[in-house]
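What follows is a short report on a single structure.
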Amino acid sequence: MSEYKDTLNLPETGFPMRGDLAKREPEMLQRWYQEDLYGAIRQAKKGKKSFVLHDGPPYANGDIHIGHALNKILKDVIIKSKTLSGFDAPYIPGWDCHGLPIELMVEKKVGKPGQKVTAAEFREKCREYAAGQVEGQKESFKRLGILGEWDKPYRTMDFVTEANIIRALGKIADNGHLLKGFKPVHWCTDCGSALAEAEVEYKNKVSPSIDVRFKAADEAAVLAKFGLAAGHEGKGDVSIVIWTTTPWTLPANRAVCLRADLEYVLIQVEGEQPERIIVASELAKSVMDRAGIEHFHNLGFATGADLELVQFQHPFYSFTVPAILGDHVTTDSGTGVVHTAPGHGQEDFAVGQQYGLEVANPVGSNGVYLPDTELFAGQHVFKANDSVLEVLKEKGALLHHHAYEHSYPHCWRHKTPIIFRATPQWFVSMEQAGLREQALTAIKGVHWMPDWGQSRIEGMVAGRPEWCISRQRTWGVPIALFVHKETAELHPNSADLIEKVAQLVEQKGIQAWWDLDTAELLGAEDAANYEKVLDTLDVWFDSGVTHSAVVDARQEFNGAEADMYLEGSDQHRGWFQSSLISSVAMKGKAPYKEVLTHGFVVDGQGRKMSKSIGNVVAPQDVTNKLGADILRLWVASTDYTGEVAVSDEILKRSADAYRRIRNTARFFLANLNGFNPTTDIIPVEDMVALDRWAVGRALAAQQEIIQAYQDYNLHAVVQRLMNFCSIEMGSFYLDVIKDRQYTAKRGGHAQRSCQTALFFIVEALVRWMAPIMSFTADEIWNAMPAQQADGSARDKFVFTTEWFDGLFGLAEGEELNNAFWNDIQKVRGSVNKLLENARNEKLIGGSLQAELVLFADDSLASKLAKLGDELRFVLLTSKAVVKPLAEKSEAAQATDIDGLFVQVNKTEAEKCDRCWHHTPDVGTIAGHTTICGRCVSNVEGEGEVRKFA
């Protein structure tokens, strides 16, 4: 063998078997940035049709977590696939930089504004802190192989973006959607500020559940409503009973609310202390049961409408409150009578407005009752629950109480219970200019993926309250408005003033607002009557208006609107909604054409990531150990529309899949050794049939892969890629061609035909991989022949190219078409089982020691005969003869194909030292006593002729 070793076409490539990604990827990254890969993509795609995926900004605080990695990798895969599809798809990453979490981090270092540092100094410290956080997260994202405008990202704290946020506020005000109101809003007493809907999370909490008596102010008037005749009125005090789980709100009670069409019953409680109580008829038994009242009877009935405006005594204050009517009253639980405190609940506020009730708010921003609050001044509301219960007992107003566990709103930052508290705030009104209906209409014009996203956001928009956009914070974009000191009306020239302020902020940042001398801008006369608003904007407003402040403003987008928003499914109540509402308020349309959502990352058992459980998978750990391409392949392998599971075992499976794909690519590259596409490509019509079949399988795979990318169905991309590499190539084609590739005449037709197929296929394969396994695709690209099929130099990067258009397939009308090769593969699979049995029975060693006789029915025999002597190369045996089924020998074995029996014989022929086939002519050729005639031809002669395989 040693004398013929140099005549073999042994595979050779600089592309290593082991990825060693953790070490190699940072080196590739360095080259990408030194050679400005992102800039090269932009240049290559200039003037193409645009695709804009607008980045939802992560918050500039802390290290990135696995959820961030999932989100950014999905975006990067989609953008790279769009680039390969011929789109100009710029990616400008963003960061959300204002708000409370940053304030809290800075407070730990320098104290609260106004103590050790001025408000201006505090804002500057916040800006510095946020900038540092952005840089840290940026490097982590780049390490994942995310390409984008990293040198010029958008940050909501950039002066120009802050100015554009102010301009967006002005546009919304100009369109009639801004509202100043004294309304109950979600309020965190730890933040000391209002919260947006998206900043509220629900957790279980134990509260006091109480039934409270409100005595009738005029018993006779109440009894008359129940139509009771004299002598049949019953005995004891008359009370209406409310149920609540927030006793601390009772000081702000200003009414009891009933439903107009509900039936209410006046119940006579019997015993030593008789009394008469009013509750909804449907709930009477449950009220009596929990109060432990066994002896009672009904005195009379009335509807809620009958009782409207009847007066009842407040349980511990000296004033009376009316019975009012509201549609929000249900019989799901409680008493059918709702305690109504307009200052502490949105429904209470709304119904209170209809009746002109006082909006009492006895609670300060820190959650403590104000000094003039009778009985409870200075107490924190949640601690005051016990005090309220004691007062109710003293007054004889407490019918029943027990501990009650229920879902309750909490601050997402502090994880503490929040309250509803009426305060003067600025709102984007959903009603006053028809914004809600406009938004619901706009939703219908958007493609939501998954499709349940549409009904989800429709329900949220339909039921949401006014959007409270004001915050009482230091680090935020100011609500840059001037209001009249007495009437609180906006300055009549607000539109012009907002633009002037925006221009100042564009030069100096938000501090310009606080430094602004009102008289300089308004003139002395107006300055005497108007004052600056000192509130800041909700950070959801900051990020929500980036469709205008960033997408419309950045020249990279060339005036194009966003095609896609892609975030976690929680953003239906967050960024998707704030973006939608602000865009409709500003432009009358949605800010996006498509919205794609992904689920949350959980562990292998479906549990949320938790440090206490110890199941947190950090993306930095994965890249340092396995490499970013493994993480990227994990992301693409999942059905990301639901929960996405990750664990060491799951990542190991991704690493195994990666190795199979890498090894397939390596086989292609190693067998292109010595191949020059400019001179060595064989014309399609002259190629060996099996090689054309392989290119055709690549074409079919490419069509499915491109479609899956277009549908954002990434796990289908990975499945098709794996099937192509492992089954179509690995289990069949690559196995069959090894003999021809290694032993055919070097540079001869048989080898070059095979190399032509391998070259075309790897040209396609590297592009399929590029969006997902970006580092490995780049590595493959650099190991490929420097010239392309047309003789032109290869692009420096695969990412600047488009899907390979040089693939071709077999025509269905051909004799050896796809159906033919499908049948051949089935025969090969059946034969392999018999060869395996023969090996196990020690009849043969390897398959090349076998000679086969295939007894086949006429149809199959004619197909097999078309391959002639080349059938043995497909079956990997030294001989394969086809005979009619009628001549079947006793030694022939049945297969799992009808009409096919196979006899396996051990060859008696000598083994060729060069190709290892056993043929009768080994040792018969002068000067070449150890090799077969085929090898002699491949070494010294014209080379063997292959037509089929």
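Any Cβ shown, glycine's included, is placed from N, Cα and C.
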Which is it, of 58-68, 652-662, 883-893, that Swiss-Prot names as motif ''HIGH' region'?
58-68
Can you tell me whether DSSP puts C915 (Zn(2+) binding site) in helix, strand or coil?
coil
Remote residues contacting the motif ''KMSKS' region' (608-612) - C-beta distance under 8 A, at least 6 residues beyond either end:
65-66, 600-602
Of the residues in the motif ''HIGH' region' (58-68), how many are helix, strand and coil by DSSP?
3 helix, 1 strand, 7 coil
If we count other C-beta atoms within 10 Å, could you say which of the binding-site residues C912, C915, C932, C935 has the fewest?
C915
In the three-state scheme derived from DSSP, which category covers C935 (Zn(2+) binding site)?
helix
Give the three-state DSSP assignment (helix, strand or coil) for K611 (ATP binding site).
coil
Enumerate the residues of the same chain, C912, C915, C932, C935 excluded, that satisfy the criterion Cβ within 8 A of the mean position of the Cβ atoms of the recorded Zn(2+) site; list them in sequence order.
T743, D913, R914, W916, H917, T919, V922, I931, G933, R934, V936
Rounded to a whole number, how many Å is the Cα of C915 (Zn(2+) binding site) away from the Cα of K611 (ATP binding site)?
59
